[in-house]
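**Q** This is the structure, below, for whatever I ask next.
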Amino acid sequence: MKKFGVRDQVGYALGDIGGSFVNLYIGGFFLIFCTYVLGVSPYFMGTMFLLGKFFDAICNVVMGTLPDRWKLGKSGDKFLPYINISKWILAASCLLAFANVSSWGSAATHIWVVFIYLFFCVAYTADSIPYGSLASVITNDPVERTKLSRARAIGGMVVGLGFLSFVPMFIYDKAGKVVPEAFFQIAIVFSILSVLAYTGLVKLSTERIRDENGPGTNSDYQFKDAFMVAIKNRPLIGMMVASIGSLLMINGVSQLAPIVFAERYHMPSAFAINSFISIGITLVLFAIVPKLVVKFNKRNLVIATAFFSLAASLVLTLVTIENVYVFMVLYNLATIGSAVFVMVVWALVTDCIDYAELQTGKHYEGTLYSLYSFARKVGMGLGSAIGSYALGWVGFVSGAKSQSPAVAEGVAKMYTGMPVLAFILILIGVGLIYNLNAKRTNEMYAALKERRAS
């Protein structure tokens, strides 16, 4: 069996790239498409996002039990066969989400929007749960898992900053008006790239940690046992709270950002510039975060940067900045705690899964990850809902080609204010609930190493 190396890291990064082409595109631009092109109310969208994500969260738990119960194919792999199937469904959901049905009646349009969003939720869950659980069976080495976590963070940022940043250049014309057909054209490109990226993940990744059940085996798995393990897992509960905060911010501001730069600063292209600034900061963090983790521990690093970002985001919300370039630089510096959290979160979650193995001696990777993902979907739903409701609160007019200055200013305040709530939740989750400090983490892995060797 191949040793862990760059091949695995590249493959794992490709997996997040594949998911991000669809998830981030729908997360960042489905609201704009539905309100501007289809004329759907932002209040309707907010309610749908919220209820849809709770439905999605339930699907997470169901999906998480499947790999723990059954293995597909003859390879003996636990998660890769599921990804090989779900990648096609996810790509289809992206294409359907941006189909222009504006010629339909109002009732039919609203029903279609709800149906497609729920279809996307199921498709993404069927893909993201096996992918997220995959890290725990690629390697059991804490340092190597941190490298996988970093690779996953970079994968998503490649799409979010390197591809999505250019989307506003195509969906807005020179006058700042929305171009309806551009959404579907971009969806075609992103769907193809998503399938190719997931194919790379399957080809490059190796599942090294095997359980005793062979291919097709129906194990003695009991969901209630796994669920009881999860609710007694304090570190996992802490990560669930922190991730609700993180995803609340990421999903909320991703919907508002294109509107802020187009309506508040009258510069849609600033969205791309803002993304390049983020890329620069991310590259610096990519180089130094592993060293900082070794020196300060993952948990301490998250706490310190979240404290800084909480204070900086609060100041940025209270102060009005007219220059778009100054605003972009300060905003990216103020939210640096989010980038750090995203880079180490998967290593922290894997620690939580290993904590469960230490307590029980059993492998519940799929179920535990799905329950954690339940919290992530709640955060996504809240972020999307608040972002959508915020448009209604400030007087956003659906179907209008542009918005009033008062609306633009209100959206900008929501854009800077949502991170404040996010960092409070991150500090509560990681600082107060998550209790695996450096000493306890090292002791845990020493005990697991001894147990696995026996």
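Including glycine, each Cβ sits where the backbone N, Cα and C put it.
Feature annotation from TrEMBL assigns transmembrane segment to 12-38, 44-67, 79-99, 111-132, 153-171, 183-201, 236-257, 269-289, 301-319, 325-349, 378-396, 416-436.
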**Q** Hey, does the transmembrane segment (79-99) touch the transmembrane segment (269-289), meaning at least 3 C-beta pairs closer than 8 angstroms, sequence gap 6 or more?
**A** no
**Q** Going through 44-67, 153-171, 325-349, 416-436 one by one, which has the most CB pairs that fall under 8 Å from the transmembrane segment (301-319)?
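**A** Stretch with maximum Cβ contacts: 325-349.
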**Q** Can you tell me which of 44-67, 153-171, 325-349, 416-436 gets the most C-beta pairs within less than 8 Å of the transmembrane segment (111-132)?
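**A** Counting Cβ pairs under 8 Å, the winner is 44-67.
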**Q** By Cβ distance under 8 Å, which residues at least 6 away from the ends of the transmembrane segment (153-171) in the same chain are close to it?
**A** 12-17, 19-21, 24-25, 28-29, 32, 178-179, 182-183, 185-186, 190, 254, 258, 261-262, 268-269, 271-272, 274-276, 278-279, 282, 286, 339, 342-343, 345-346
**Q** Between 12-38, 44-67, 79-99, 236-257, 416-436, who has the most Cβ pairs under 8 Å to the transmembrane segment (183-201)?
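**A** It is 12-38 that shares the most Cβ pairs under 8 Å with the transmembrane segment (183-201).
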**Q** Between the stretches 12-38, 44-67, 79-99, 236-257, 325-349, which one has more Cβ pairs under 8 Å with the transmembrane segment (416-436) than any other?
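**A** Between the stretches 12-38, 44-67, 79-99, 236-257, 325-349, 236-257 has the largest tally.
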**Q** How about long-range neighbours of the transmembrane segment (12-38): same chain, 6 or more residues beyond its ends, C-beta under 8 Å?
**A** 45, 49, 83, 87, 90-91, 93-94, 97-98, 100-102, 109, 113, 117, 120, 124, 127-128, 131, 134-135, 138, 148, 151-156, 158-160, 163-164, 167, 171, 178, 180, 183, 186-187, 190-191, 193-198, 200-201, 204-205, 251, 254-255, 257-259, 380, 384, 387-388, 391, 396, 398-401
**Q** List, by number or range, the same-chain residues at least 6 past the transmembrane segment (378-396) whose CB is under 8 A from its CB atoms?
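**A** Here the qualifying positions are 27, 31, 35, 41-43, 45-47, 49-54, 56-57, 243-256, 259, 403-404, 406-407, 409-411, 414, 418.
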